[in-house]
Amino acid sequence: MYPVDLHMHTVASTHAYSTLHDYIAEAKLKNIKLFAITDHGPDMADAPHYWHFMNMRVWPRLVDGVGILRGIEANIKNLDGDIDCTGPMLDAVDLLIAGFHEPVFPPQDKAANTQAMIATMAQGNVHIISHPGNPKYPVDIPAIAQAAAKYNVALELNNSSFAHSRKGSEANCRAIAAAVRDAGGWLALGSDSHIAYALGIFEHCERIIAEVNFPQERILNVSPRRLLDYLEQRGRPAIPELAEL
């Protein structure tokens, strides 16, 4: 069991079903110490408005011993790697995930998908690429793993990709984990929970990690401190309220 979950959605993304309060309650039950709310970026049809992300400053940092990070799952928009988290929004979030979503960036061929993903990492704002193993978006796996290591970006193992979404992802996810291992990069684990009961569920991710013998010291979710240190190393300000997690 990992004590950190880095990818989940609330009712602010209207195809999800839980509130911030629901996630806090579930985290306490499961001994999750830190989680990031990462609702979809505003270019998605049912995503929160820009103001939602700007107003996350009203959230508490710590509730009943559970740390809360203000995040976004932004959309990769084009081959230049542009995303729908820009300007003041970049300073409003602690954690910036970005990935491909069909309503914003329709699937392309392998070369174009790879170009867009690497360009997104190269822009320097994104911390994690979400569900890079999606078979609808084939990529050059060694190339993206090497780019992720170069730009200090984590690639995600997304538990939902094995259970509910993006059917056929497993072989790609296994290959990505092995490529990140060989490149010396970071893995991030995300439940991609759309309902609080799925918070912290990483059973499929854990199986892949074991199968490829991925080193625990290169997984961001191992402890709150590891994730917070990574974000600070990437230039995010320290969060004093979470210092003791």
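Numbers here mean position along the shown chain, with the first residue as 1.
Cβ from N, Cα, C; glycine included.
Listed in Swiss-Prot for this protein:
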BINDING   His7, His9, Glu73, Asp192  Zn(2+) 1 binding site
BINDING   His15, His40, His194  Zn(2+) 2 binding site
BINDING   Glu73, His101, His131  Zn(2+) 3 binding site
Practice problem: Work through the binding-site residues one by one (His15, His131) and point out the residue whose CB has the fewest other CB atoms within 10 angstroms. | Solution: His15
Quiz item: Using Cα coordinates, what distance in whole Å links His40 (Zn(2+) 2 binding site) and Glu73 (Zn(2+) 1 binding site)?
Solution: 5
Quiz item: Where does Glu73 (Zn(2+) 1 binding site) sit in the DSSP three-state scheme?
Solution: strand
Quiz item: Other residues with Cβ within 8 Å of the Cβ centroid of His15, His40, His194 at the Zn(2+) 2 site?
Solution: His9, Ser13, Thr14, Ala16, Asp39, Asp46
Practice problem: Select one residue from His9, His40, His101, His194: among these binding-site residues, choose the one with the most other Cβ atoms within 10 Å of its Cβ. | Solution: His40
Quiz item: CA-CA, which of the binding-site residues His7, His9, Glu73, His101 lies nearest His15 (Zn(2+) 2 binding site)?
Solution: His9
Exercise. Determine, from DSSP, whether His7 (Zn(2+) 1 binding site) sits in helix, strand or coil.
Key: coil
Quiz item: Between Asp192 (Zn(2+) 1 binding site) and His101 (Zn(2+) 3 binding site), what is the CA-CA distance rounded to a whole number of Å?
Solution: 14
Quiz item: How far is it from Glu73 (Zn(2+) 1 binding site) to His131 (Zn(2+) 3 binding site), counting Cα to Cα, in Å?
Solution: 11
Quiz item: CA-CA, which of the binding-site residues His101, His131, His194 lies nearest His9 (Zn(2+) 1 binding site)?
Solution: His194
Quiz prompt | Nearest of the binding-site residues (His7, His101, His131) to His194 (Zn(2+) 2 binding site), judged by Cα-Cα distance | solution = His7
Quiz item: Quick one: which residues besides Glu73, His101, His131 have a Cβ within 8 Å of the Zn(2+) 3 site's Cβ centroid, in sequence order?
Solution: His40, Asn75, Ile97, Ala98, Gly99, Phe100, Ser130, Asp192
